[in-house]
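Features of the protein shown, as given by TrEMBL:
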REGION    C:1-26  region 'Disordered'
TRANSMEM  C:31-52  transmembrane segment
TRANSMEM  C:59-77  transmembrane segment
TRANSMEM  C:136-158  transmembrane segment
TRANSMEM  C:165-184  transmembrane segment
TRANSMEM  C:214-233  transmembrane segment
TRANSMEM  C:254-274  transmembrane segment
TRANSMEM  C:280-299  transmembrane segment
TRANSMEM  C:311-328  transmembrane segment
TRANSMEM  C:340-364  transmembrane segment
Amino acid sequence: MTSIRGRRILAGALTLVAVAAMAACGSKTTDGNTAAGVSADISGDTVKVGLLNSLSGTMAISEVTVRDSIMLAIEEINAAGGVLGKKIEPVGEDGASDWPTFAEKAEKLIREDRVAAVFGCWTSASRKAVKPVFEKNKALLFYPVQYEGLEQSPYIFYTGATTNQQIVPGLDYLKAQGATSLYLVGSDYVFPRTANKIIKAYAEANGMKVLGEDYAPLGSTEFGTITNKVKSSGADAVFNTLNGDSNVAFFKEYKSAGLTAASMPVVSVSIAEEEVKSIGTQYLEGQLTAWNYYQTTPGATNEKFVAAYKAKFGADKPTSDPMEAAYVSVHLWKAMVEKAGAFDVEKVRGAADGITFEAPEGLVTVDGATQHIAKTARVGKVGADGLITEVWNSGQPITPDPFLKSYPWAGGLS
Amino acid sequence: MTVLFGQLFTGVSIGAVLLLIALGLALTFGQMGVINMAHGEFIMAGAYTTYVLQQVITAAGWSLLIALPVAFVVAGAMGVLLETLLIRRLYARPLDTLLVTWGVSLILQQLARDIFGSPNVQTRAPDLLTGNIGLPGGITVANNRLFILALAGGAVVALTVALRFSPLGRRIRAVVQNRDLAAVSGIATARVDRTTFFVGSGLAGIAGVALTLLGPIGPTMGTNLIIDAFLVVVVGGIGQLRGTVIVAFALGVLQATGEYLTTLSVAKVMVFIAIVAFLQWRPQGLFTLRTRSLA
Amino acid sequence: MTTVVRDPVTAADPAPEPPTSPAASPTRHRIRAAAGFAFGAALLFAVAPLVLSDFRLSLLAKYLCVAMVAVGIGLAWGRGGMLTLGQGVFFGLGGYAMAMHLKLADAGPGAMPDFMLLYGQLDELPLWWRPFASPWFALPATVLLPMAVAFVLGSLVFRRRVRGAYFAILSQALAAAMVILLIGQQGTTGGTNGLTDIQGFFGYDLDDPVNQRMVYFVIAGTLLALLAVARHLTQSRYGELLVAVRDSEERVRFLGYDPATVKLVAYVVAAGMAGLAGALFVPAVGIISPALIGIVPSIEFVIGVAIGGRATLLGPVLGAVAVAWARTALSERFPGTWTYLQGLLFVVVVAFLPGGLASLIGLVRRRDDDAARPGRFGRLRPRRREGTA
């Protein structure tokens, strides 16, 4: 009795599926009714832009500060009269440290809010998740964080460093200091793995030895074994691509094992001023970081930026590289729009090449071909006050080369 | 040889951290069958207690020592609050406590974020605990790891003595072995439950203080180790401490060895497979408490 | 625990039913069920597509996938008492199987997916990817692979009578292990990124909103079909047995049944449903990543079920959709507050309303379905701790 009833319902449901599928297929023609090219809503006297950062979850630690600096840039622009006579209206969304959520929110910003551009994302995974969304809808994303390169989407502007503006100069510095062997430690995700591939290729071409390579899952806080391995390798330096919480545990362990900046320096590429604060100078003093910007970078533009940021968000809040890159990205977008004379995405992209901006880190120039920006590379040392002071810089902005085409040793990488 | 000893020590110290966390769980899970997912947040509370105390008492050594009892009380009090408000209503539904306490842990994490901010905070460790002791043969032993090992050892000894010889310990053991019979014999089981929960949660607080020496202090710090600690209790068997102790160190050494030979990811998966295999052999854990209850 | 053994017949045999029980009036019940299905179908196939924008409809498609997982959890946990905190694993297996096929189809015959060239530096497709090039392998695999994993794990675990809390923790550890494994093999699994940028679905361009709509219809239809399967199972004699195992495993064993097999069936079916959900999630959202299958998403699957009403048929579905919707709607405005609300909702519903929101409706309608009241066995046997057995 029961089973017959069940089967009947099952059959009914299956028929429904079949009918629905057929109905759907019947209407399936490529009649030009595609999602592509949702244009921004510029009908009012404001223009909307999207802010897409994690305000909750594990990445909130870093991404909230980026959101803050984007807001600062928007306020500055609005105070100066806006863009093409329109005030910028920010629409914020929370990516919640979850990549599919990033994709969902990006779609919402583009299609429901009809924003002119989106600023945000931090992790490579979140960028990879939203990339198809921006390409499908032909909308613009400004991505403010240093990353692993090997990417060039027509609808993304990369305002952080690519590998040849951060990792390669960092290696050049180590080589100049006489390091001949390296140990690689990183979190287990795309950026460290790709970065380490590049480092290994560089090392091979430059007569350096890579003595070991270890990855810890994101969020891992147990570094006893890795530190043992690092210590017994006797490498000249450690190249650290760990992200987030893991750095705290790694440096505490590193110091306990009796390793110091003098005996085996660590070059980090994901530790900025904010992270220094949460790890503690007790563990970090004297260690190296590679970036394009430090709070201590000299120049009147930076002094103004630091003062404005501290006035708005608190005197104890440091400024850092990704925050600066996010701040710059809003100003660059404004310059592009004004050069193009329109908010239209294709026109903005067309106007991008050669745009310059006097940024806190110094003069930056947009490279239209790669949609990255030319930046000065810097290596700095963590001081007792928790700030990072520059010990070396590249002297002039380095032209972005996301696929490392101009480096012969990188031939096999992409 | 140096590496071998270094790894052995690393394994043992991973075990000590697991043990500190698992001891509290062994009490609450063992006695009441309560799976407290908020245990990780009690660890967090212990760590933040250290941070707050250090704002008041700037000498790193003293603030750490004072933090130990204070964190015990703070986390213990949170445990009692949780027990009184929610868990005691759910003794008949142990699986539901898992879900309810998970909700509680979400709330506590967000609370920590709102009070202390989402970035990690830092505490200064006393200089004595950031160094290491050199042994002959180039072997070094990190002081903070030794401290945690001693702390875990102390906790085990104190707990064993208390359970075996104090009147409260006798009552706890009676309730674990047969709750109904204990109740019939005039033991106020509800009060024993509350005390057990206080001690179990308090141990999490102490684990939190210890963790400030090793890792980050942030809203999500408790979530990383909690699953491993639960596995220790499950594999160790319920109702007895020696299973927990043995399994904690065994898992620590297994993980350190696996990680040394392969990678951390593979080591974690290996540990999981080992646990499933082990439960085939002894589904009730390493040591099973023989009780008269049939359930 | 020694309790007076009640008449075992009432515990396991469905025969003595009160006259108000639905099964006593099959015709009326059947009509009501048919009407319910028709109403649901009308809502999903006619009303939703008319009312919602393309974007919101694609969100609904995503929620419905979560609801499919919830149907399975309702079966395994609500009816079978197995709190599975690792459904993300099965969701992920289904999702990855589907995504692997679609990535290979996007790349074209003989070519390798883009991310492998970027990160894997592989010369050729790894062996275990190759079968997924064929839809005849990949499509069945989305369901059969999770079922097979569930079968292996379930038969190991249930036969050894690992249950209650032990099972919950073990299933959670499985989710953790799976995530770590996937992330560690970046060259062949995409690592943390997962498999992204999926363009086509069996020849249909997924960027086209018409095709997105088609995917939505397929998902809605599948959900209804899964509901029918779940209903069929719970109304059958097997369903009664499952509830009996949940309420007293020992007693069922004494009656000569093998509780391990009974539980295994529900666990495997739930895994298959989660796998199917994962497979359909991929064309709807265009991404599958470890972030979707770890401990947190696995628990979130359970949240929806608990809030909707774990032991009812529709409760899990409505709960899952409601929670997913609330998350989108509220997190847009109050990201911090949402976490409090989520935690609080969970605490309040599970602690004080164990039957979920469905039990509120049940109170009004005074339906007296034994199986739909998970709190009941607790009341019968106060302070029984089956988790520690």
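Just so you know, glycine gets a Cβ as well, placed from its N, Cα and C.
Remember, TrEMBL labels are computer predictions, not curated facts.
Only sequence-distant pairs (6 or more apart) were considered; of these, at least three Cβ pairs between the transmembrane segment (C:280-299) and the transmembrane segment (C:214-233) are under 8 A, so the stretches are in contact. With respect to Cβ pairs under 8 Å, the transmembrane segment (C:214-233) is most closely packed against C:59-77, considering the stretches C:31-52, C:59-77, C:165-184, C:254-274, C:311-328.
Beyond the ends of the transmembrane segment (C:165-184), by six or more residues, the same chain brings 82-86, 88-89, 92, 96, 153, 157, 191-192, 194, 290, 293-295, 298-299, 387-388 to within a C-beta distance below 8 angstroms of the stretch.
Scored by C-beta pairs under 8 angstroms, the transmembrane segment (C:254-274) has its highest count with C:59-77, from the stretches C:31-52, C:59-77, C:311-328. Under 8 Å from some Cβ of the transmembrane segment (C:59-77) lie the Cβ atoms of residues 44, 48, 52, 83-84, 87, 91, 212, 215-216, 219-220, 222-223, 226-227, 230, 233-234, 242, 266-267, 269-274, 276-278, 280-281, 284-285, 301-302, 304-305, 308, 310-313, 315-317, 319-321, 324-325, 328, all in the same chain and six or more residues away from its ends.
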